[in-house]
Amino acid sequence: MVVGDFAQGTQVAIIGAGPGGYVAAIRAAQLGLEVTLVEKGLLGGVCLNWGCIPSKALIYVADLKNRIEQADKIGLIVRDVSIDLPKLVQWKSDVVEKLRKGVASLMSQHKIEVVTGTAHFTGENSFSVETSDGVRRFEFRNCILATGSSAAELPGMPRDGELVIDSTDALDPKNIPERFVVIGAGSVGLEMGTFYAKLGSKVTILDAVDRLLPMLDPDIGRAMERALKHLKIDLILKAKIQGLKRENGTGVLQYSASDGDKSITGDKILVAIGRRPNTSGIGLEKVKVKLDSKGFVQVSETMQTSVPGIYAIGDIVSGPMLAHKASFQGKIAAEVIAGEPAAFSGVEVPGVIFSDPEIATVGLSEQDALAQGIPVKAGVFPFRAMGRTLTMAEEGPGFVKIVSDAESETVLGVHIVGPHASDLIAEGCLAVASASHVDDLTLTIHPHPTLPETIEEAAEQVENKAIHIFSAKKSAFGAK
């Protein structure tokens, strides 16, 4: 069925209503533009419905359970802590629904037309949308592509939703498996592995890399390895997956390691090896939008593609696949379309992993800076030396590291492993984005007793002047 042969005109068409698309829609509407937002699934995209939000809800509950179980050492005795799994999953879903309704309300308030269906380009300034009521046609002056990404699969090991699962399945558990095997030690693998371990699963995480989290500061990887051992999570690195045998509802995962061929049995096997951009199936070839060798849309610093009037943001362009990057780029694209000066240039995108302890980073590591020929000085301060940490019964291997230019003393990067790292990194983001001087952090009075004091102390330690740790002598790159 075709809903009329005419094409509806719109100033800005946005394909994809995730954290990039819906934010772009709101910003465009704020700037007085007429907006049509197309989404084939649910408002909020993967992040709100099957990613960032539901995972953090589940992780919060698992962490709460774990803390209560260990609270006897501080005088809090609670017996028989258990999880009502259906109730937990329903609460998680209620949180997601509440936020999704909030996004829908914002669309209505900004008079943004939301069309549910699958979009497909029919020309350089037109596309059709397959809806439940038939096909609708649109013509646009400008279009923003925000189609997001999908979980990558291992060859020969397709997702079935029962034994072999992806992150979406892992966030909607029907039971807690006795043996939970994770392929991939990135953010999703670490977060989901930690969640299931705290709920009682025996967790094993495998990855082909030589060291944990190789894209981050090596000290972070070492701290996380100790943390995983504390949670009794087995970590197997340099593991290359060979295949999977199914036996009586379980899976025997075969892999090669540095000491030979091995296997491990799992009741659930989570494949968390990354994501791929959703750039196929929407007719990009008809508009000749250029892709790079990995399938990402090529864009300029204004998010403009190779085709005038068509922009791309979020997971379908190169860079970290993170919701806040998509949202930031969405605002830039909308502002450029409205004629405002805006560009995604020289922007450092922070990253957070909600493991235990949490990991948060922004800017350059020591290794990154040195590779660019920048002389560095770094200050490291451990959480265990801070009073507030101990009053929270936190005794893990956490720290704050601040990396600075040795000559200008500009803050180049902030790296945190420890309690509430996801919140603490905001100060680091501001410091890096504004090219702050180390003294801007040391001369800011941080309230006591609080976790942010670790930022101040790490900044002071750049010059070996932290108050609450002793440094016998200075080293070439600050405290180690």
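Cβ coordinates are placed from backbone N, Cα and C, and glycine is handled just like the others.
Where the annotation comes from TrEMBL, it is an automatic prediction and has not been curated.
Pulled from TrEMBL:
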DOMAIN    11-330  domain 'FAD/NAD(P)-binding'
DISULFID  Cys47-Cys52  disulfide bond
BINDING   Lys56, Thr147, Gly148, Ser149, Asp315, Met321, Leu322, Ala323, His324  FAD binding site
BINDING   Gly184, Ala185, Gly186, Ser187, Val188, Gly189, Leu190, Glu191, Gly274  NAD(+) binding site
DOMAIN    349-459  domain 'Pyridine nucleotide-disulphide oxidoreductase dimerisation'
ACT_SITE  His448  active site, proton acceptor
Using an 8 Å cut-off from the Cβ centroid of Gly184, Ala185, Gly186, Ser187, Val188, Gly189, Leu190, Glu191, Gly274, can you name the remaining same-chain residues around the NAD(+) site, in sequence order?
-> Val182, Met192, Ala272, Ile353
Candidate nearest Leu322 (FAD binding site) in space, where candidates are the recorded positions Cys47, Leu190, His448 and distance is Cα-Cα | Cys47
Alpha-carbon distance [Gly184 (NAD(+) binding site); Lys56 (FAD binding site)] in Å | 19
Cβ contacts within 10 Å for Leu190 (NAD(+) binding site), all chains included, total 26
10 Å Cβ neighbour count around Leu322 (FAD binding site)?
-> 19
Give the sequence-ordered list of residues that share a chain with Asp315 (FAD binding site), lie 6 or more positions from it, and have CB atoms under 8 Å from its CB.
-> Gly20, Thr147, Gly148, Ser149, Arg275, Pro277, Asn278, Met321, Ala326
Looking only at the binding-site residues Gly186, Val188, Gly274, Cys52 (disulfide bond) has its closest CA neighbour at Val188
In this structure, which of the recorded positions Lys56, His324, His448 has the fewest other Cβ atoms within 10 Å of its Cβ?
-> His448
Considering only the recorded positions Gly184, Gly186, Leu190, Gly274, His448, which fall within 10 Å of Cys47 (disulfide bond) when distances are taken between Cα atoms?
-> none
Whose Cβ, among the binding-site residues Gly148, Gly184, Gly186, has more other Cβ atoms within 10 Å than any of the rest?
-> Gly148
Within 10 Å of the Cβ of Gly274 (NAD(+) binding site), how many other Cβ atoms can you find? Include all protein chains, please.
-> 13
Sequence gap of 6 or more, C-beta under 8 Å: which same-chain residues meet both conditions with respect to Val188 (NAD(+) binding site)?
-> Ser167, Ala272
In the structure shown, which of the disulfide-bonded residues Cys47, Cys52 has the fewest other Cβ atoms within 10 Å?
-> Cys52
